Amino acid sequence: KRCEMKFIKKGAAISAASHSAAQGYESNYRMHFKLCCPWSRCCGMGDFRPRTVWLGHPEKREQRYPRNVINNQKYNFFTFLPAVLFNQFKYFFNLYFLLLACSQFVQELRLGALYTYWVPLGLVLIITIMREAVEEIRCYLRDKEVNSQIYSKLSTRGTVKVKSSGIQVGDLIIVEKVWVSLFPFGISGSSCRVFSPAGSCFLRTDQLDGETDWKLRLPVACTQRLPTAADLLQIRSYVYAEEPNIDIHNFIGTFTREDGDPPVNESLSIENTLWASTVVASGTVVGVVIYTGKELRSVMNTSNPRHKVGLFDLEVNCLTKILFGALVVVSLVMVALQHFAGRWYLQIFRFLLLFSHIVPISLRVNLDMGKMVFSWMIKKDSKIPGTVVRASTIPEQLGRISYLLTDKTGTLTQNEMVFRRLHLGTVAYGMDSMDEVQSHVFSAYTQPTHDLPASRAPAATKVRKTISSRVHEAVKAIALVHNVTPVYEANGVTDQAEAEQHYEDTCRVYQASSPDEVSLVQWTESVGLTLVGRDQSSMQLRTPTGQILNFTILQIFPFTYESKRMGIIVRDESTGEITFYMKGADVVMAGIVQYNDWLEEECGNMAREGLRVLVVSKKSLTEEQYQDFEARYVQAKLSVHDRSLKVATVIESLEMEMELLCLTGVEDQLQTDVRPTLEILRNAGIKVWMLTGDKLETATCTAKNAHLITRNQDIHIFRPVTTRGEAHLELNAFRRKHDCALVISGDSLEVCLKYYEYEFMELACQCPAVVCCRCTPTQKAQIVRLLQERTGKLTCAVGDGGNDVSMIQEADCGVGVEGKEGKQASLAADFSVTQFKHLGRLLMVHGRNSYKRSAALSQFVIHRSLCISTMQAVFSSVFYFASVPLYQGFLIIGYSTIYTMFPVFSLVLDKDVKSEVAMLYPELYKDLLKGRPLSFKTFLIWVLISIYQGSIIMYGALLLFESEFVHIVAISFTSLILTELLMVALTIQTWHWLMIVGELLSLACYVASLVFLHEFIDVYFIATVSFLWKVTVITLVSCLPLYILKYLRRRFSPPNYSKLTS
C-alpha cells in the first residue's frame, strides 16, 4: 500500500504504502503530515525529475529516491514536552497565567500559597499534555503498523517477504486481492476471487478520487507472454516514467525491453498504473515500484486545510481581552488611589495578581469540555444515525449558518440512475412504451427479412422496418459504447466458475466508473440485448434468442471531464464490420454529428424534465481507414512530450460527420425528504445555493423539483457572457429584477467575478436562491470564500464527492454526505451525515442548542470570576486599598472547581425548547443569526450582575460580621457559593436529573469540606443561628431582585421560544 507501481504482469501496479483508506484520508485532512524524517517539513519537497526504473534492479537507480516510510507524528521523544509547552504558551493568555504563577516565587509579590496559582495552571497543562500524548501514541502505532506491512517481493532467490518500509523504486512486488480497513491503517487478505480475465485486474479508487466503482487495469502486453512472473528478472527492461506530480488521472511513461529482437517499446498510461491509496479488488498484481514516500500521488495531493476557528471562539477571545483591559485598569486605579506611594510599581503587580481572576483560566477548559459533550450528543442522536463529528471544536458554528452551499448529484439526488427516455428524433420512447422497443429488438433478431432490401417490401412495411432498424441500431450502440464489465459471483446455488461459463443472469452484476453507464446497460438488458462478457479485448452480447454476438474491442477512448465524451471502436466478428461508436454531452456532440434540426431542441426539452442527456452516434470504418488511424494513434501514444495533445488530435480526425443515432435520458432521483429539509432551511433564514457540474437545464429542473426554487418565484437565467461589456449589460438586466432566483453557468460566473466581483456578489446575495451550473471544484471553493469575505456571514458546504472537498474545507462548516461517490468528502468534512435530510436536525436542534449552551456556559464562567473579583475589590477598598487577598489557599481553588464546577457545567444540558418544537418552528433558528445569545449587550448585563452581587455579598458581610475577621470570610464565601448555585438554578430552563445531582453534589462538597477548612473558617461560628440568618439575608438580597426582574421580563416581553413552551 505504501508505494506506487506500474502494472507489469497479471495485475496492475501496486499501492504498497497506505497513507490511505479512510484513516489515511483522515490523516491527510486532520493531521500534520510528514515523511521520511521528523524534519522533512524543513527539507521541502525537492526537485522532481523523470526517471528510468530497471525491473527488479533498484541498485541501478540514477538518482536518490525517498524512503518508503510514513511519519505522521508531530513530535519525537526529545521534542514532545518542549513543543507541547511552547504551543500552549505561545498564546498570550496562557503565557499570562504562567507569568502569574512564576511571580509567586518572588517574595515581594507572593500573595498566598504557591498551589493557589500553580494547581489550576497545572491541571490545564496536564489535561493538554495527556491529550497530546494519547494522540501521539495512537499516531505512532498507526505509523508502525503501516510501515511494517509485509509484502512479497520477487528476487533472484525467489519470493521473499519485505516490509513496506523496505520497498525501493525498482522492486518487483506481488499483491493479491486485498481490502483496506478503515481504522487503523491496515490491510487484510481475502480468498474470494471475484473476476480476473487474462492479464487484467480490477481496482478500487474510492479513497483516492471518491469514485466507488471498480476500474479495470491492464498489463504491459509483452510481459504477458512470459511463462512465469520470475522471468521478469531475466529480461533486460526498464520503465521510463514522468516526474512525480499531483495528477491522479493521468500518467505518461514508456516500457522498453532491450533484449528483444527487435527491441519492444510500449506506451504506458493511467490504465497501467495503481496508485497508493487504491486497492486491488480482484486478480493478482505483479508490478514494479515507480514512486515511494513523499513522491506518491496521494501524498503530493495532501494539502493542509485552513485551521478552522469558530466565530464563537473569536468572540469569547475578544471578551477576554476586554476583561484583561479591565484588570489592568482596576489595578492602576487601586495604585492611583494610594497616590502612587512607595514602591508603587510592585503594588501594580500585586494588584494584577490579586485581581487575576477577572480573566478566568477555567473558561477555555469549560468550553472545550462542553464541545466534547455537544459532539457526543450529535453522534448518539438516534434520529440522525451514522452522523460523525470530525471537528469537535466547532459544533456551535452549526447554530449560526447564513448560507448553505450544496452539491446536486449524490447530495440532493440519490445518484441512482434510472433510464427514462429514448429519443430517435422522429419518435420517442418513455417508460410506458419500452415494450415497443423490446419488440423492435426482438424482431431484429428473429425475422430473417429484416436485412432485405427495402424495394422488396411494401411501402408500409418499409416504414415499420426503418423504425425497427433505427431502434435496433440505437440499442446496439448503447450496449457497446461503455466501459461496463459484467462480474459473476457465486449465489449459493451456482458457483462462480459455472456462472461465468454459462452467463447466469442471477449471478451477474455490472461494474463501471459511472452509475449512468450501469443504468444504460441494465436498460439494454431489459429490452433484450444483454452484456454477458467482457475483457480487455472483446465483448459479448446475448440477443433475445440466446445467440451470442462477439465483438473485438480495437480501441477505447475513455470519458474525461475535458472531452465530455467517450468512444469505442469494435469489430463485429460475424461480419467483420468495423464501427466507431461515441456518446457524450450535447454541447460537444453537436459539432461532431451530421447536421440535424432536432438535437438542440430535444436536448433542452429532456433537460427541462430533469433528465441527464447523452447523445449517441456511430461511424463505419473501412479496414484501410482503421489501419491508418491505428498507426497514427500508436505513434502519438509513444510520445513523451505533449502526449495528450497529440493523442487528442489523432482521435479528433475520426470525430467528423458521425451518424446521430439517438438521445438517452437518465433520471437521478431526489433523496428522501429533500423538499421538507430545504423548506426548513429556508424558513430558518438560511439561503441555499446549489453548485453543480451538471448542465444548466438539468440543474434548473432539479432545483424546481426539490423546491429550492419555489413555484411563485421568478427565475433569471444569466445569459452566457464572454466579455466585460456583455457582463455589464447582463448585470444591469439582472439588477432590475427583484426577489428572483439566479441561475448562472460556470463560464459566465468566471467572467463576472473577473470584472465585476463586488457588484455580482452584492446582487447574488440578495437572491432567495442561486444555482451555479457547470462549476469546477475550484470555482465552488471560490464562491464560498467570496461569500465569507463579502457578507461576513457563516457558510456551510455540503457535498458527497471528491470534487466537493475544496468547497467543504473552505466553508466555515463542512458537511460530507456518504454516498455513491465514496467517502472522500465525508472524511474531509467537519461533520459527516448519511443523508441530506439529517442536515435539518443537525442545524435546527444540535447547532442551535450547542450555540446557546456555549453562550450560557461562557457567560456563567465569566460571571463566577467577576463576582469574586468584585468582592476582592470591595475588600481592598474598605481596608485602605491594601493588596491583601480576601480568600487564600484551598478556598480560592475550590471555588472554581468542586464548589461550583458541576452546576455551571451542567448548563451544557439545558435547552429552551424540545427538539420537536425546534424542528417544527425553524424560525427560532433565525433569532440566533444576529448573535444575541453572546453579544456585548449580554456581556455588559452579566458584568453588571456580577458587580451587583459581588458588592452586595461583600458589603453585607462587612456590615453583619460581629467581632472577628474570619467571620467575614465565612459569611461572604458561603453566601458566594449559595449565590452561584441559585443563579444556575434560576437560569436553567429545562431541568435534567444531572443538573439536580450537580447542585446537590456541590453543596454537599462544600458542607463536608468545612470540617477541613478550620484554617480559613470558624467551624463553631457556622453552626450558629446568627451565621445562618446573615447568610440567608445576604443571599436573598443578591438573588431575589434578579429573579423578580427575570419574571417581569418574561411576563411583559417574553422571548419567542417561551411563547411556544407556555
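The backbone N, Cα and C atoms fix where each Cβ goes, and this holds for glycine too.
Now, the feature entries from TrEMBL:
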type	residues	note
ACT_SITE	D407	active site, 4-aspartylphosphate intermediate
BINDING	D407, K408, T409, E517, F559, K583, R612, T692, G693, D694, R774, K780, N803, D804	ATP binding site
DOMAIN	827-1054	domain 'P-type ATPase C-terminal'
TRANSMEM	75-93	transmembrane segment
TRANSMEM	113-134	transmembrane segment
TRANSMEM	322-341	transmembrane segment
TRANSMEM	347-367	transmembrane segment
TRANSMEM	861-881	transmembrane segment
TRANSMEM	887-909	transmembrane segment
TRANSMEM	939-959	transmembrane segment
TRANSMEM	965-986	transmembrane segment
TRANSMEM	993-1013	transmembrane segment
TRANSMEM	1019-1045	transmembrane segment
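Highest Cβ pair count under 8 Å relative to the transmembrane segment (965-986), across stretches 113-134, 322-341, 347-367, 993-1013, 1019-1045: 1019-1045. Beyond its flanks by at least six residues, the transmembrane segment (347-367) meets 93, 96-97, 100, 103-104, 109, 111, 117, 120-121, 123-124, 127, 313, 316, 320, 323-324, 326-328, 330-332, 334-335, 338, 854, 857-858, 861-862, 864-866, 868-869, 872-873, 876, 883, 885, 892, 896-897, 901, 904-905 of its own chain at Cβ-Cβ distances under 8 Å. A sphere of 10 angstroms centred on the C-beta of G693 (ATP binding site) encloses 21 other C-beta atoms.
Around R612 (ATP binding site), the same-chain residues at least 6 positions away in sequence with a Cβ under 8 Å from its Cβ are M417, D516, G665, V666, E667, D668, D694, T698.
For D407 (active site, 4-aspartylphosphate intermediate), the Cβ neighbour count at a 10 Å cut-off comes to 29, with all displayed protein chains included.
Between the transmembrane segment (939-959) and the transmembrane segment (861-881) there are 3 or more Cβ pairs closer than 8 Å, counting only residues 6 or more apart in sequence, so the two stretches are in contact.
Under a cutoff of 8 A between CB atoms, and with a sequence separation of 6+ in the same chain, the neighbours of R774 (ATP binding site) are G693, D694, K695, L696, S745, G746, D747. Highlighted: of the candidate stretches 75-93, 113-134, 322-341, 1019-1045, 322-341 has the greatest count of Cβ pairs under 8 Å to the transmembrane segment (861-881). In this entry, ATP is bound by D407, K408, T409, E517, F559, K583, R612, T692, G693, D694, R774, K780, N803, D804, whose most widely separated C-alpha atoms sit 27 angstrom apart.
Sequence-distant neighbours of the transmembrane segment (993-1013) (same chain, 6+ residues past either end, Cβ-Cβ under 8 Å): 890-891, 894, 898-903, 905-906, 909-910, 974, 977, 981, 984-985, 1019, 1022. Taking the Cα atom of each, N803 (ATP binding site) and the residue listed as 'active site, 4-aspartylphosphate intermediate' are about 9 angstrom apart. Long-range neighbours of T409 (ATP binding site) (same chain, six or more residues apart, CB within less than 8 Å of its CB): N415, D668, T692, G693, D694, G801.
Here the Cα atom of F559 (ATP binding site) is found 21 Å from that of the residue listed as 'active site, 4-aspartylphosphate intermediate'. Cβ neighbours within 10 Å of N803 (ATP binding site), excluding its own Cβ and spanning all shown chains: 24. Over the domain 'P-type ATPase C-terminal' (827-1054), the average per-residue pLDDT in this prediction is 87. When other Cβ atoms within 10 Å of the Cβ of F559 (ATP binding site) are tallied across all protein chains shown, the result is 19.
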